[in-house]
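**Student:** Take a look at this one; I'll ask things after.
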Amino acid sequence: MPISGLVITFDQTFDHIDETLSRLRAEPAIEVGACDRQQCAIVVDTPSQADDKKIYQWVQDLPGVAGIQVAFVGFDDDATPDSSSTTDSVD
Amino acid sequence: MPSPAADDNQPSRKPTLNRRDLLQGRLWKLMRPSERTPLVMRYPKTRADVDGSDLAPSSKPSSKTPRSIGGIAIEPVPPTAFDTTAPPRSFPVFRPPGAVAEHQFLAGCTRCGDCVDVCPHDAIVKAPDRMGAIAGTPTIDADANACLMCEDFPCISACEPGVLSRLLPTTIGTARVTEHLCLAHHSTICTVCSERCPTAGVISVSDGKPTIDEGTCTGCGVCRYVCPAPENAILLMPLLNRPSLPS
Amino acid sequence: MDSKRRGFLKSAAMAAASSMVLGDGEFSLPVLGAADAPNDGDDVTWNKAPCRFCGTGCHVQVGVHDGRVVAVAGDKAAEVNKGLLCVKGYHVGGILYGADRLTKPLLRKDGRLVEIEWDEAIDLIAKRIMDAPEKFAFYGSGQWTIPEGYAAQKLMKGGLSNNHIDPNARLCMASAVTGFLATYGVDEPAGCYDDLDACDVLITWGNNPAEMHPILFSRVTDRRSRGENVRIIDISTRRTRTTDAANDYLEMDPHGDVAIALGIMNQLIASGTYDKDFVEKHCAFRALESESPTLQGEAISEDEFRKRIAAYTPERVEELSGVPADKIRMLGKLFGDRNLRITSLWCMGMNQHTMGTAVNSLVHGVHLLSGHFGRPGDAPTSLTGQPSACGTVREVGTLAHALPGGRVVANPDHRGQCEGFWNLPAGRISPTPGFHTVKMFDQFTKSAEEGGDIDTLFVQVTNPGQTLPNLNKLFNDKEILKDKFLIVSEVYPTATTQLADLILPAALWVEKNGIYGNSERRTQQWFKMVDPPGEARDDTWMTIAIAHRLLELGHEGMKDKDGEFIFAVKDDQGEDIPIWEFEHYYDTNVDKHLFEEYRQFTTMKHKNLAPYDEYVKARGLRWPVVQQDDGSWRETRFRFAGFDDPFVAEGEEFDFYHSSSGDGRAQVWFHDYQPPPEVPDEEFPMWLCTGRVLEHWHTGTMTRRLPQLNRAMPTAYVEMNLQDALAQNIRQGETVVIESLRGTTQLPVWIDGRGRPPRGTIFVPFFDETKLINNCTLDDHDPFSKQPDYKKCAARVRKLSEASS
Ligand code: SF4
Ligand code: SF4
Ligand code: SF4
């Protein structure tokens, strides 16, 4: 159950950012945060990593999107990454 | 703790994140204190409640009205169920100081319990049966009793097969302050961990807030044992890559 | 919990992404809001209550599930703490569930405690009182709720015509009261916590709010982290956590505070920077009579005042206080600057003081003389340590000499008014003040042959077996006196129940209805939320049940003028509700009845309270609370100041309307410095100071039952200076013996710990029932307030090996 915080960078020559934004807003897995003419913060909340990738791809392909940066990835999992990665951990 | 100079009224510092923070999910650093989720102290619910929900969710005991006089219950309040809360699925295991790499340790430890017996602070306990493969091996649970890092390490001296060894670092892990749980980061005062850490200089306090030097921290867990935050604000992790002994 | 965690992750993700977009950290963060923060599902109900511990009076939200407190969070709606709590506050719910709660009345028979029924217990107490009503005494507490204190007060003074009722607050804020009375003619602070948000300079006088009032202190330090400038000046006898945050640390010798205050006034006069206008319009000067001094003292002229204060030059003050003369000049300059806002805070350091009344009056005087008074941020503010020291003790007047609403037994008019409110026959209330705390216990622990004329003592909500000074003299002797009967209402076994003959199990905090009054005149109400364990019952009920049993036994005092029971509560049909039977106690809200009755007393001293139901709605209201034309109730933040106090006439800037000189003026006092009653000598070379720690509250009967707090602070200790320790070859952590002329106790040593005393001083906290430092403290007390000095006496430290040989 990944949750990622992404930053979208817009193509500065693109004129219809508002349209792209409304498409983002319409997507239920995406929450749109702070935006300006160049960048926009979104949070993607999906049930699986595969879905997460799909959404990522979808966003990338939206008109006017020049790039995406990952600001944060969180897993809604009880085990913290630290302890689950230890050889000493017991399940 | 250094006292600030007369005119040093520290202006608010902009929070910064480094890669390590990102990897470890320390995103709360970005939140201004006023926006932090408030701390909530939660107490275990009653034993009946815990049993009911854990073992037979459907047959949750009908909340039968307790015997009462004029609305005042005269039933004794059930004891707090500290021992019946479900154990987490996965948890880290701490070995006593000087332990060799885990595979060697598991192979070499005879489960004799000598280290358990000599520990003057009852910090070392045998892993219980439910821990499967490692049952019977010595572990340290700082929540119950922290290792006090005795100067002479009687546990190492007692270990006959030598899976605890003086040749190896006595560090057993490392601790971190989980800032969004720490009282000092919630506009109140707490200095317990820094006062009680047995290793000088590991926990530094600036502006009232503790920071642990992960390089010198021995992982003894005293700070975790004493932390009074509603949810323990010390994250303790075992040493991940313990060295093997040349055999 | 799952969705909560997801919520948190999402906000964190959004925070990270947004911060990258906006780049400057100025983003609005969709974190879990106040409303949904403590959201534990529908099966947990939340309700408000003030924290059970200190006088700060934070509000908590208490989550209840299935008749049990399951969660505690700070209350965002509360002005005092704005959603924050200190470490104790977060754990306050756990105090109800210690393993050894008392659940059954226990009577000592042949040295053993045996369970008895409530009826028998109440009967026993009533009969002991019937046998000798004048030898009965009631020892109460600043942790009494207002109705508990009021009921006890009415039983004693109105019912039994017996004034031997005193609270533990005598040990904690009596000198603050006398200081206020001497200065303003009426008790309690003029300012409030809002001053902390407005002050430019905060002076802590022998006070360690960082540990003792952490939420108030962080109100100030938080301003700094927002970029505001607040200068904190710590005047103390040792370095503390407050010093860590202070800009200036002025280390004084014990009793140095008196000299420092005199020194500041000296500087204000000498440099002419005192507020001439304010002094001329609103102040008068006063000093003690040379023969048989009284609390009111006598008026002196300004010239006389100038003459006397002239002796306290900075150099002289340096000699007396140990604080360098130029620091005294610095303080004088600060107070001389009217553009600054200066707030003074103090608590036990100035109250537990053989010159307590004097030093309290002097610090008020510094503020009055300099005009640093009555504007937000300009205030002399005394803090209390107990949650209702103000509400129950000072306002209800549960002191040996007092009556409700600022009245005193010695005044015939006041007695008459109380008899009127209580509908009692004239002359019921005795004009002679009863025994104050030290005297009360002195009389109780002396045999009848030696003149010990108290033989039955009822203790509610406090633990004198640990907190009285000089325990060997004032408490421990009880054990060998067979004719003395000690009744203790408690929630856990304590040092006091150890010697008790009858132990009554009490309901605690949200197991009963209650009302507290905090340090800033804020009256706070809460409702019962869970049932007490076993047969534990409300303290108010105990008092009423005893009164009713006395009535049945034929005690005339339990009837009013018309023959009605003094605690009678009627239903709509005019029938008595039998609230003395516990099964009917909650048939009505007894707290509300008592509060509404008590409210009538409060207007004389302009401490007006609103009706009970207003407090139900609010997170406390600061008195005077006065009804507005539109029917709403308005609280008062700044007393005596025209811009806020409704009792100051329109157009007036200030009016001290209870002035003891009767002309609307406050009194600026002069007191000569006097040395402490006991000073270190060759045999006992160290100053011993006692106090509290952050994690434990008072005697630890509650906080010691909380595993997290006990782990954080497991034992009392003695703070020592490294050089002193080295000189005696004492190591960190070593157990030593502390000895004074009066007793001894053993403690581990903490060098360079939380508090760092200078050479020649040691400090010991008193919370630990296994290490009773009050075996050593002094019972010398202030002549007016009768409050003992726990902060200084002579002691010595010895290694265990030396002491035993
Ligand atoms: S920081 Fe904690 S775990 Fe590390 S040495 Fe100090 S007390 Fe031990
Ligand atoms: S003990 Fe816990 S709450 Fe206190 S400062 Fe350390 S980490 Fe924070
Ligand atoms: S103990 Fe005092 S400061 Fe701490 S939460 Fe309770 S009222 Fe507030």
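From the backbone N, Cα and C atoms, a Cβ is placed for every residue, glycine too.
Heads up, TrEMBL stuff is auto-annotated, nobody curated it.
Annotation comment: TrEMBL describes C:44-100 as domain '4Fe-4S Mo/W bis-MGD-type'. Sequence annotations record features per position, and here TrEMBL assigns [4Fe-4S] cluster binding site to C:Cys51, C:Cys54, C:Cys58, C:Cys86. The annotation Mo-bis(molybdopterin guanine dinucleotide) binding site is assigned in TrEMBL to C:Lys88, C:Gln143, C:Asn168, C:Cys172, C:Met348, C:Gln352, C:Asn463, C:489-490, C:Lys512, C:Asp539, C:690-699, C:Asn774, C:Lys791. Here TrEMBL flags C:Phe766 as substrate binding site.
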**Student:** So which other residues, same chain and not among C:Cys51, C:Cys54, C:Cys58, C:Cys86, have a Cβ within 8 Å of the centroid of the Cβ atoms at the [4Fe-4S] cluster site?
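**Tutor:** Nearby residues not in the site list: C:Phe53, C:Thr56, C:Gly57, C:Asn81, C:Leu85, C:Lys88, C:Gly89, C:Val92, C:Pro214, C:Ile215.
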**Student:** So which binding-site residues out of C:Cys172, C:Asn463, C:Lys512, C:Leu694, C:Trp697, C:Asn774 end up within 10 angstroms of C:Cys86 ([4Fe-4S] cluster binding site), measuring C-alpha to C-alpha?
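**Tutor:** Cα within 10 Å of C:Cys86 ([4Fe-4S] cluster binding site): C:Leu694.
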**Student:** Need this for a regression test: binding-site residues C:Lys88, C:Cys172, C:Leu694, C:Asn774, filtered to those with Cα within 10 Å of the residue listed as 'substrate binding site'. What's left?
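**Tutor:** The binding-site residues close to the residue listed as 'substrate binding site' (Cα within 10 Å), listed in sequence order, are C:Asn774.
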**Student:** For C:Lys88 (Mo-bis(molybdopterin guanine dinucleotide) binding site), which residues of its chain lie six or more apart in sequence with Cβ-Cβ distance below 8 Å?
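**Tutor:** Same-chain residues close to C:Lys88 (Mo-bis(molybdopterin guanine dinucleotide) binding site) (Cβ under 8 Å, separated by 6 or more) are C:Cys51, C:Phe53, C:Cys54, C:Leu694, C:Glu695, C:His696, C:Trp697, C:Thr703, C:Leu709.
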**Student:** Looking at the binding-site residues C:Asn463, C:Asn774, which one has the fewest other Cβ atoms within 10 Å of its own Cβ?
**Tutor:** C:Asn463
**Student:** Count the residues of the domain '4Fe-4S Mo/W bis-MGD-type' (C:44-100) that DSSP assigns to helix (H, G, I), to strand (E, B) and to coil, and report the three numbers in that order.
**Tutor:** 10 helix, 20 strand, 27 coil
**Student:** Which binding-site residues among C:Cys86, C:Cys172, C:Asn463, C:Leu694, C:Phe766 have a Cβ sitting under 8 Å from any chain B Cβ?
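**Tutor:** Listed binding-site residues meeting the cut-off: C:Cys86, C:Leu694.
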**Student:** Is it possible to get the count of other C-beta atoms within 10 angstroms of the C-beta of C:Lys512 (Mo-bis(molybdopterin guanine dinucleotide) binding site)?
**Tutor:** 28
**Student:** Of C:Cys86, C:Cys172, C:Asn463, C:Lys512, the binding-site residues listed, which put a C-beta under 6 Å from ligand 3? Please answer none if none do.
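**Tutor:** By the Cβ criterion, which requires under 6 Å to ligand 3, the hits are C:Cys86.
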**Student:** Can you name the residues of this chain that are 6 or more positions from C:Gly691 (Mo-bis(molybdopterin guanine dinucleotide) binding site) yet have a C-beta less than 8 Å from its C-beta?
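**Tutor:** Counting only residues 6 or more apart in sequence, the Cβ neighbours of C:Gly691 (Mo-bis(molybdopterin guanine dinucleotide) binding site) under 8 Å are C:Asn208, C:Met212, C:Met348, C:Phe763, C:Pro765, C:Phe766, C:Tyr790, C:Lys791.
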**Student:** Ten-angstrom check, please: count other Cβ atoms within 10 Å of the Cβ of C:Leu694 (Mo-bis(molybdopterin guanine dinucleotide) binding site), all chains counted.
**Tutor:** 26
**Student:** What number of additional C-beta atoms lies within 10 angstroms of the C-beta atom of C:Cys86 ([4Fe-4S] cluster binding site)?
**Tutor:** 31
**Student:** Please report the three-state DSSP label of C:Asn774 (Mo-bis(molybdopterin guanine dinucleotide) binding site).
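**Tutor:** Note: C:Asn774 (Mo-bis(molybdopterin guanine dinucleotide) binding site) is helical by DSSP.
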